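S.K.: Not my notes, these are from TrEMBL:
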- 71-323: domain 'TRPM SLOG' (DOMAIN)
- 399-493: domain 'TRPM-like' (DOMAIN)
- 517-557: domain 'TRPM-like' (DOMAIN)
- 619-859: domain 'Ion transport' (DOMAIN)
- 610-630: transmembrane segment (TRANSMEM)
- 672-690: transmembrane segment (TRANSMEM)
- 696-715: transmembrane segment (TRANSMEM)
- 735-756: transmembrane segment (TRANSMEM)
- 823-845: transmembrane segment (TRANSMEM)
Amino acid sequence: MECVCYVENPEASVAGKLVCSCGYLKDHHSGEAISHGYRQEGNKWIYERHVRQVPTDAFGDIVFEGQRNGKYVRVSSGTAPATLYELMTKQWGLNPPHLLISVTGGAKNFYLKPSLRNLFCRGLIKVAKSTGAWIITGGSHAGVMKHVGEAVRRYTMTSSSKEGEVVAIGVATWGIVHNRECLINKEGMFPVEYTLDEENQGRLSCLDHNHSHFILVDDGTHGKYGVEILLRSNLEKYISKQRMGTEDVGIETPIICVVLEGGEGTLNTIHSAMMNGMPCVIVEGSGRAADVLASVANLPVSQITISLMQKQLRTFFSETFNTFSDRRIISWTKKVQIRMHQLLTVFKAEKARNQELDVAILQALLKASSNASHLGKENLEHQLKLAVAWDRVDIAKSEIFTDKKRWKSSNLHQAMFAALVGNKPGFVELFLENGVNLGEFVTPEILERLYNNVPQSTLLYKKLRKAVEGERRRDASDNVDAKQRILLHHVSEPARDLFLWAILQKRKMLANILWVQCYRKDPKRAQKLLIRVSNAWGNTTCLRLAIEGDDQNFMAQGGVQSFLTKIWWGDISVDTQTWQVLLCMVLWPIIHSNFISFRLRAFYTAPVVVFYWNVLAYFGFLWLFSYVLLIDFQSQPSGREYFLYLWLFTLVCEEIRQVRAILYFSDIWNKLDVAAILVFLVGLACRWISETFYYGRIILCLDFIIYCFRVMHIFAVNKTLGPKIIMVKRMMKDIFFFLFLLALSIVAFGVAKQGILIHNEDRLDWIFQGVVYHPYRMIFGEIPIDVGFSGFDLNQCTLTGSDPYKPKCPEHDSNNNPIFPEWITVILLCIYLLFTNILLLNLLIAMFNYTFQLVQENTDKIWKFQRCHLIEEYHSRPSAPPPFIILSHIILFVQCIIIRRPPQIRKKLSMSSLLPDASLFPRH
């Protein structure tokens, strides 16, 4: 826009220069405009006649001192909102908003308490990110616009590039923008660097450097505020009429006004917004107009009197109250009285400890939807559509799905479809929990609509298109109706059909929810599928693939754990208490009573009973082992010792039976078993030789330690102790790294100390003590006296190293004074202790703490995965515990050697509810 008629304004001048009524200097006008002004009758400047539209000469990219890039455009005040919306969505590439937040308030800088400022910034960004909203402000670097920019800046500094940016659009008046000359270029600026110069801006305003887009509204005037108000209002109205979502379940874009501080202009904006049905959120505590409205918001209209309004204005406009005339006070009173409770929400910052601003904004929108045009069922469904569009499950749970409302499955179908298409698994799960029946929801039409929403650029779309064309060709020569074929073959399993659709769409979380629904519909079938052998999987089962692939997420699924629980308890009821099982193990006759009702054989072959018997047997083995070592270890073995050998022999036989499995050595506990057996055999061999009898006992004592550590495997099934065992195993890896650094420190200090103090020590045992043993003891506070040579007694050492029981004396002269520099050894000792005692030990503690936190976060998954390995082991283990397990081994030996029938290493399932002939854990 440009002025085409110069009309001098006698009341204004800049540095003695003449100024036109449009606000620009005379020098800014063309000769034609000046001459036209002289011919103007009445000497009156009229906007409609004296301003003309010209092609924009200011657009492109804007950079604020290298900090942030944005887009800008200069437009006429009469530009159509549709044109601007097309510019923003197609040229600037903005995604259509799911919510429009219009922030208004004080145009000048004002003070906000740090706590309130933090609440405002955090809440505004949270609601913008969670709903995909656009934030619209005045765009200048002052007042409420500056606080919005600060919120955007905080988010930008703390977020990653993958999270995307917050869209903050500044709609400002071109004529009040300071340094706007640098934005002008008919060819566009890509980019232009804009400098904030608040010191020299005068009555003008700088653009806020934290906004992402700017629409600069020009009506041909200079220095005139408020030019953008009408265009901004029309643009907001236009955007609010755009529908979001799919065509059949879409709704108009919701809009809300957030008010922070402000004056009389802000009151007019709020009044106009509510008259147009726009909800408003007033931030209490921000000052002036916002606080005036907040103080009377809950009062009935009859109590809002002129005297009350006068009192509130005096309180919150104390500095400018003298400028309020009686007419202005009456005007304020009338506008405050004309308000709609459902459109006005007050965010009380002082009482917002358990509520954020984003929740208040969304609740205000839901409350506003309860107006006359949305009553009853339609209102609730409209609110639900809003919550789905914003992807705010928390709002839906707290505000919509309450005890006061019981939803029918049919009432949730549209919202369910929108959640599926929009990939919002939280809502899909919520709808399933609140009564959506997939059998009623999934129809051929729904499936068709779901697949029609597949993006055309994907491979799935191309495959579907090819399949549809092939189907049409078959229909031409086939009498079976296509719709009937879909009904017969494709909608028989609704949960499965949605599950496959989610997988084809690569929507993992959605597929997982539908996967659970498939299990809940038919648990027995799901458990059968776990142990179904498939050629596609290499003649194995999906359960085996999950175990070998260490897929803890799969093993933690409820269906898998339910299946494993059934295997663990066998034919025993899973509701049986542990004390009942233990009592029946000892007093087996009560099994035939009504105490527990099942067969004797089924009881003793259940994996849980086999496990308890093996636990008791193992502790019996440890007791016998310790008894022999401490009390009954004679030169000639006693009967108890021979019985210990027999017991160990049965353990060896069981390990030999297990070692036939391919993955035997992949288990650390199996490696520990093999190590314990080998050490025992070495100790046994030494024990039978008289010369090494004592060494054999030492080796067997060390082997007892290994068998004690083997007890940890037994408690892997316990939900509390199991993850702790994993922590110990992982911390052992941390210890090895720590020992490496510790060994470097010990050797470095030990060699340096030994070389400085002792000359040519050639005895290996004393070299080891000086280089390794003594530095290691120093970590625990035992400092040798020879380090500083203070109080050292020459009678306690040997000068030549001839005495094998004494260390060699440090370097000294004839007067027994040290000739080595004592300060060097003292400094080395201080550095060594500082590095080992403080740095390395704290590093070890930090590593242990990290490992603990890592395992603690996944305790449930880790325990369930460990439990699977234990159940697998005891499901295939013979029923009798050691040493009676030898009977089972004899039977296996007879079958393999004499009868020559391959032994059944893995027990077959015997649960009637599952496949009777399928192996639980088949291996390939």
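Backbone N, Cα and C define each Cβ position, glycine as well.
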S.K.: State the residues, same chain only, that lie 6 or more residues beyond the ends of the transmembrane segment (610-630) and have a CB under 8 A from a CB inside it; answer 'none' if no residue qualifies.
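M.R.: Sequence-distant neighbours of the transmembrane segment (610-630): 581-582, 585, 604, 638, 640-641, 643-644, 647, 651, 697, 700-701, 704, 707-708, 710-711, 714, 717, 870, 874, 877-883.
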S.K.: Going by DSSP assignments with H, G and I as helix and E and B as strand, what are the residue counts for the domain 'TRPM-like' (517-557)?
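M.R.: Going by DSSP assignments, the domain 'TRPM-like' (517-557) contains 27 helix, 2 strand, 12 coil.
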S.K.: Under 8 Å between C-beta atoms and at least six residues away from its ends: which parts of the chain pack against the transmembrane segment (672-690)?
M.R.: 635, 645, 648, 651-652, 655, 665, 696-700, 702-703, 706-707, 709-710, 713
S.K.: What average pLDDT is reported by the model for the domain 'Ion transport' (619-859)?
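M.R.: On average, pLDDT over the domain 'Ion transport' (619-859) sits at 84.
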